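What Swiss-Prot says about this one:
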- 10-17, 58-62, 121-124: GTP binding site (BINDING)
- 2-171: domain 'Era-type G' (DOMAIN)
- 204-282: domain 'KH type-2' (DOMAIN)
- 10-17: region 'G1' (REGION)
- 36-40: region 'G2' (REGION)
- 58-61: region 'G3' (REGION)
- 121-124: region 'G4' (REGION)
Amino acid sequence: MKYGIVSIVGKPNVGKSTLLNNIFEREVVISSNKPQTTRNMIEISYDSIEDCVINFIDTPGLHNPKNKLDLFLNSQVKASLKKSDLVLFLFDLSRDFDSEDEECLKVLKDFNCNNVVLVLNKRDLKSEEEIKNAKQSISKMFDFTNVLEINSKSKEDVSVLLNTIKEHIKEYEGEKKDLELLKKEVSDKFFVSELIREIIINSFRQEIPYGVAILIDEMKYEQDKNLLTIVYSIIVEKESQKPIIIGKGGSMIKKINISLRERLSDIYDCKIFTNSYVKVKKDWRNNETQIKELGYKK
């Protein structure tokens, strides 16, 4: 039996969360075409390969920090590297290699990561010659354990990736019952809060999504009614953002709740009731106490 902790690392909006969802063939983490969607170091176990358990860590994209929340996000990436047995450095072939990619490799070097697989994603969008050139140029910058070219939407390519991971992690030497204790799951409450944030990210433009956090005030299931009740607060950092989130006549907050109920109906086989509030915590992204209160803890 093999076991390993595997971090997926790369610059913002490179497709780390999408890759993880494609591995699990369902949505286990939120994803968006906007950068900095992932805020937490999310660890979740995959055990669908024979004689192997992989604890994947989806990390925030490494980027130049603009506030204390950004510093926290970068610290999450570095914390994941400390505990990882293998790192996947994800590169999007449809984008140029830039300073953010360089910074990721620098961090990997600084942490003496010696078991790193370069994963070149979106190979379907490039010619063989272009892929070869990208592979050669990036491989000169770091001593990778292996290099893979994939299309993360391809089940065959994902299978190749999983088997490669299995090759590069160690045998588990403990008792099988102890291995069960090492498995990780995303809690329902955390997943719902992230789902709400994803809906908001995809519903608004510019800075508003990045100044939003979600607090689940109540989440309970009443078996006799087959009813799941979710009460939550949308936290914004400026008074001017509150009416934008609410919308004219409550139109936007209504849209958010309708989308949430529709998404949850695909997951939970029950009736769903949601109630939401919009609250202001001024400049919370620069307030360490509020950052912790909102669930972003090291």
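Including glycine, each Cβ sits where the backbone N, Cα and C put it.
Candidate binding-site residues: Lys16, Arg123. Fewest other C-beta atoms within 10 angstroms, Arg123.
Below 8 angstroms of C-beta separation, residues 14-15, 19, 90-94, 131, 149-152, 154, 157 of the same chain, each at least six residues beyond the ends of the region 'G4' (121-124), sit close to that stretch. Lys16 (GTP binding site) carries a helical DSSP state (H, G or I). In this structure, the binding-site residues under consideration are Asn13, Thr59, and the one with the smallest number of other Cβ atoms within 10 Å of its Cβ is Asn13. Long-range Cβ contacts of Gly10 (GTP binding site) within its own chain (separation 6+, distance under 8 Å): Lys16, Gly61, Leu62, Phe89, Leu90, Phe91, Asp92, Asp101, Cys104. Each residue of the domain 'KH type-2' (204-282) gets a DSSP state, and the totals for helix, strand and coil are 30 helix, 30 strand, 19 coil. In terms of DSSP secondary structure, the region 'G4' (121-124) contains 2 helix, 1 strand, 1 coil. Leu62 (GTP binding site) is surrounded by 24 other CB atoms, counting those within 10 A of its CB over all protein chains shown.
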